[in-house]
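Q: Marked as compositional bias 'Low complexity' by TrEMBL: 25-35, 43-62. According to TrEMBL, the domain 'Amino acid transporter transmembrane' annotation covers 114-522. Here TrEMBL flags 22-70 as region 'Disordered'. Residues or ranges marked as transmembrane segment by TrEMBL: 132-159, 202-220, 241-257, 263-284, 353-373, 397-418, 439-460, 466-489, 501-525.
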Amino acid sequence: MMDETVEVISVPVTPRTGQWTPEVVSVPVTPRTAPRTPPTSAPPSLLHSPTLSRSPLLTSAPKTPRTPKFITPLASPMRKAVVTMRGYLEEVGHLTKLDPQDAWLPITESRNGNSFYSAFHTLSAGIGAQALLLPLAFTFLGWAWGIFSLSVAFVWQLYTLWILTQLHENSVDGTRHSRYLHLAQAAFGEKQGSWLAKFPTMYLSAGTSTTLIIIGGSSMKQFYQIICGQTCARSQPLTTIEWYLVFFCLALVLSQLPNLNSIAGVSLIGAVTAVGYCTLIWAVSVIKGRPPGVSYDPVKSKSDVARVFDMLNALGIVAFAFRGHNLTLEIQATMPSTLKHPSHIPMWKGVKFAYLLIASCLYPIAIGGYWAYGNLIPPTGILTALNIYHLQDTSKAILGLTSLLVVLNCLSTFQIYAMPVYDSMEAGYTSRKNRPCPWWLRAGFRVFFGAVAYLSAIAFPFLSGLAGLVGGIALPVTFAYPCFMWILLKKPMKNGAMWYINWGLGCLGMALSLLIVAGGVWSVVDSGLKVRFFKPE
């Protein structure tokens, strides 16, 4: 019988364009009734002959592949097309749901971050001037409880950081939670999530920015006084408010960088300077030795109740030393994510490296600072103690360099903490106008926020003395909410290990938050904090 041909339409796919191009191909079909060709035999001596091995004489009958009955002639090219497209998407694309407005907002405008950017941002956001208050917490907790609470808080917050990096992407529907507020809304509901997370996250961003103006401006004034000495005292130096203004103007220039990825270099400077001044402060304090009158006995309180509240306030200082969780999802949002290369892998690499350096700074600052000064630590921290007790026997170059590094770190950290506020302000515009924010309006938003932070620094110059109270307010964002989010989104097996761990840590975090806030309020009232509105010193 003569062979028959059937015209089959194949549908090849161009992976990059996704266009379907029909093509007609003639495929010969052998009828089922065609006789099979019997296999050819040969003498044993010729079976391995090179000539015969290449001859068609030894070819046996072709094996017809078994095809399921439900497969049609169109199925094979269609299946190849699907496999090709899926392989392409797995390699260079992503199957995640992205909000179209994300391309217009400063946090998600650029998604070319990597593990190095993650380490820079995390280190810049995670360590700062709040670490200089850790020796003050030890004066109330003592050696044993101080080291124990610092170690527990470090492991606890590292675990919640891991939770946040895992929850950034939803493997079921492909949603990326690019902001802490969005993840809270997905877990707790839109209204409850906004109520629980919006105030503490915005408070952390705006409050930290205000505190950075206070610390940065004061450090600039101190640097100027160290370098000039008595010469500056005879002239008319700038007032504290004017130094705040100088710092604000410098921060305003850096704030014009468009998005979070564009400030990676700034965060690198902030990370290097933070590690630098932390190392300088504790090393100089230990090398210079202890001043006379140092004692390690816990600070005596007026009553047992006051003692308990003082310890709670100290725990708030320890909790406040671990900041930056409100920025973790935002940092991870700057990274590309594919099925083969999800964003949580480079993010977690950067976080591990960053917190290795953070631990190498926090523990020496806390232990070395408490050893060097004991109960002589002033309420403003170890940097003030260094300038009080070692101003005469330490070179001006070391003291000036320390103050300069603090200024540079505050300028760098201001940018990353202000970014969520910029993002929220621009999101209000893009959601209403459905178009990107023009450059002049973006610049106006940033100038406006900087001016508000500057005025707040002038009006409330005592904010840096409320570390314990701020730590209690921000504690759920770092220690409690991520545990509850894991239970609500991942739904671990009830009565399982992860179920008990997260419920226990979440409830403990909320209880500690209430107690630490109460302790912070008591400490402010009991110690008589000098409330100087519009009178910075």
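Note that Cβ sites are derived from N, Cα and C of the backbone, with glycine treated the same way.
All TrEMBL annotations are machine predictions without curation.
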Q: Near the transmembrane segment (353-373), which same-chain residues lie under 8 Å Cβ to Cβ, leaving out any that are not at least 6 residues past its ends?
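A: The answer is 115, 118-119, 122-123, 126-127, 131-132, 134-135, 137-139, 143, 146-147, 150, 154, 158, 161, 271, 274-275, 278-279, 281-283, 285-286, 288-291, 294, 296, 321, 382, 385, 389.
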Q: Could you tell me whether the transmembrane segment (439-460) and the transmembrane segment (202-220) have 3+ CB pairs under 8 A, leaving out pairs under 6 positions apart?
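A: Stretch pair touches.
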Q: Given the transmembrane segment (241-257), which of the listed stretches 132-159, 263-284, 439-460, 501-525 has the most Cβ pairs that are under 8 Å apart from it?
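A: The listed stretch sharing the most Cβ pairs with the transmembrane segment (241-257) is 439-460.
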